[in-house]
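Engineer: Straight from Swiss-Prot, here's the annotation block:
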BINDING   G634, P635, N636, M637, G638, G639, K640, S641  ATP binding site
Amino acid sequence: MATQIDASSEAAAATAAAQHTPMMQQYLRIKSEHPDTLVFYRMGDFYELFFEDAEKAARLLDLTLTQRGASAGTPIKMAGVPHHAVEQYLAKLVKFGESAAICEQIGDPATSKGPVERKVVRVVTPGTLTDAALLSDKSDVFLLALCVGHNKRGVASNIGLAWLNLASGALRLAELAPDQLGAALERIRPAEILAADGTIESVPAGMGAITRVPAWHFDIASGTQRLCDQLEVASLDGFGAQALTSANGAAGALLIYAAATQGQQLRHVRSLKVENESEYIGLDPSTRRNLELTETLRGTESPTLYSLLDTCCTAMGSRLLRHWLHHPPRASVAAQARHQAIGALLDAPPNAGLDSLRSALRQIADVERITGRLALLSARPRDLSSLRDTFAALPALRERVAEIASNAAALGRLEAALEPPPGCLDLLTRAIAAEPAAMVRDGGVIARGYDAELDELRDISENCGQFLIDLETRERARTGISNLRVEYNKVHGFYIEVTRGQTDKVPDDYRRRQTLKNAERYITPELKTFEDKALSAQERALARERALYDGVLQALLPHIEGCQRVASGLAELDLLAAFAERARTLDWVAPEFTDEIGIEIDQGRHPVVEAQVEQFIANDCALNPERKLLLITGPNMGGKSTFMRQTALIALMAYVGSYVPAKAARFGPIDRIFTRIGAADDLAGGRSTFMVEMTEAAAILNDATPHSLVLMDEIGRGTSTFDGLALAWAIARHLLSHNRCYTLFATHYFELTQLPAEFPQAANVHLSAVEHGHGIVFLHAVEEGPANQSYGLQVAQLAGVPAPVIRAARKHLAHLEQQSAAQATPQLDLFAAPPVVDEPECNEPPAAATPHPALERLLELDPDDLKPRDALDLLYELHTLARSGPADAQR
């Protein structure tokens, strides 16, 4: 019975196929193998898409949708793109999260019976990009596979991740608890996620394109063996991955998928890194966003810490910087080695110094990505010429590094890494033309002298005219026929023409080709041989060049690991040089590390804000076992958030390995950085602003340790005053008594300023401001003690709130304060303003306020006329005036 059903199904399929044209049968067969992928089907100079693919591509790529003929009674909808412009269309598709199968003609149209043979040669997906036209120079593209491990009760116990940068060959694994998945994906930012049907719901929304993969691809035993085969090892012990379970299953699925999209082995995936949470300073998603490491809160790329630090001369250095910022090591050893290298670069003599080194680095190609394309046999001619020129420049670059490496072990290691693979430069120099064409099909890629046959074919093609002149001269001399001519036409090819009166002088080796009324045309063995070569020389030269180029790619494969080593060394050297340039240009210093708990920053500055303003007020920050929590008060816009963020950024920069914007800085161990700064409704997740705020606070209270740095900004403001105050008080107490972490706690709740009376480890500081009438001048200086006013109405006035609203607010504030005093209720919010008299009606002009003497003095002076000593004296004078009111000054 089963056999009969199978036979009838096959017969039905054959009948259905017979209703289509042979070409459409071929297309539908290929499409059936890639049902969820747009198939780009090569037809001559175009890639065509059909049926639903055509409709989708027309909509996404703004293509013209046409309709030609019918197949099996169905109109054939078509959309196409020129083959030479396909990369730009693929780039657009990838941005939409789509994948495309590139189907090429592999048969010879001249010998094909029926449709030319075609097959899919590569599949372009969001996570498997390697072509330069599809990639951003300064960011990596990751393909990630996710495997959920379950315990005996069937409950998810861990999640295994494997992610691959196909352009470089870097493969990483990690195993983590299910509740850590969101933070891990936020850090990795994969472009494409592979998951089995039953685990797709585990992936948070908006994390990348999701591709369904058969569950059996995630088999742990098969994945472990596939990893061993890929890395050519008997065991994964050397990589620390033998004990992993779900991560190895994820790696197996990832390697199957990546190899299938490329249609070949992944020769450049030769190393493995297992990431452990304890290696890096923990940064949860909200911390990465709030500190604006690589993206602003508005979603732009600048101004961020990354945009400020990225003065790298190579794309490799820029990508490494992005990785370092998201992976600051907990151990200070790595950071200290980087600081030592930066110091050596800054102290180097001018002839081998920083500027000279960076000038040389600007000539370096993207060796990392070129190597990836080499391994996949997709490198283009200019990739190879760029690689050759880079390797040729390495000896001089190594000499510069060697001159300064004696003072920094890291530079010595990098100098050794910059040695090109033996024989690689020689091969590239001999084989590749000085300035090759962009594509092999254009010719002119292989250098002259590399292959005698190719040189001969080129000579024939290029020197055809000269050969004919030389032959004509020789034949005239040999035959004595003075008017003998050697010519060519498209019908008969090359020939020797002799007039009728001279035919008796024709040699025996002449063979008649054509008889005319007044002349005979002949061919000789030599001319026939030349004709065969000349007429096919260009075509044969291109074919020979293609074969030679493929041979060069194959010959370079053994050098892949050496090229990867060079790329890694160049990227790190470039990034350290960029750190040195930033330190020199922006007046940054090398931080110090200690095993003692504490953070000490002397005259610290916010690196990004400082670059955006003309003058930045530097501030100190001291946290230690006796001073674990700073209660920060002061007006809105006074600089509380900036001060908190700059402390976290300076600490992060120190552990990343950069110098820091401060006069001096000293750090004890830091394991995690948490931020609870600002919030908004999570509409997609169905969470209110207050719920988002409490969720972030809960994560901090549950996970912060004595080595964690916590930033809390106005916690509790999203609910009623009493609820908010109670929560803020309890959270601050818990951070002091249980977590005992470094904490910067900004608040407007007056009651919290009494916390140091209960906990000596807490201290009050405030951001200073000067009131002028109903206005305010922010001084942005951090001073000891709590603030005495919040200046909320003054800030509202600065924001442009209409004057009638401000006056009404002042009247109501006075009423509330009087009511509060009469009821003897505690003051809940910062801070009680001085008694306020009734404001005049809205149609009456306000009484003129007495200008504050500090502001008057500021308005009198011309900053351009001040000498350094005068400026210092003036600063002391303003400080004295600021502490006194107008009445004191008048006295």
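Including glycine, each Cβ sits where the backbone N, Cα and C put it.
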Engineer: DSSP three-state call for S641 (ATP binding site): helix, strand or coil?
Structural biologist: helix
Engineer: Report the residues of the chain - excluding G634, P635, N636, M637, G638, G639, K640, S641 - with C-beta within 8 Å of the mean position of the site's C-beta atoms, for the recorded ATP site, in sequence order.
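Structural biologist: Apart from G634, P635, N636, M637, G638, G639, K640, S641, the close residues are T642, L767, F778.
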Engineer: Would you find the one among the binding-site residues G634, P635 whose Cβ has the most company, meaning other Cβ atoms within 10 Å?
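Structural biologist: Sorting the candidates by Cβ neighbours within 10 Å, the top entry is G634.
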Engineer: Near the Cβ of G639 (ATP binding site), how many other Cβ atoms are there if near means within 10 Å?
Structural biologist: 24
Engineer: Where's the emptiest Cβ shell within 10 Å among the binding-site residues N636, S641?
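Structural biologist: If we count Cβ atoms within 10 Å for the binding-site residues N636, S641, the smallest count is at N636.
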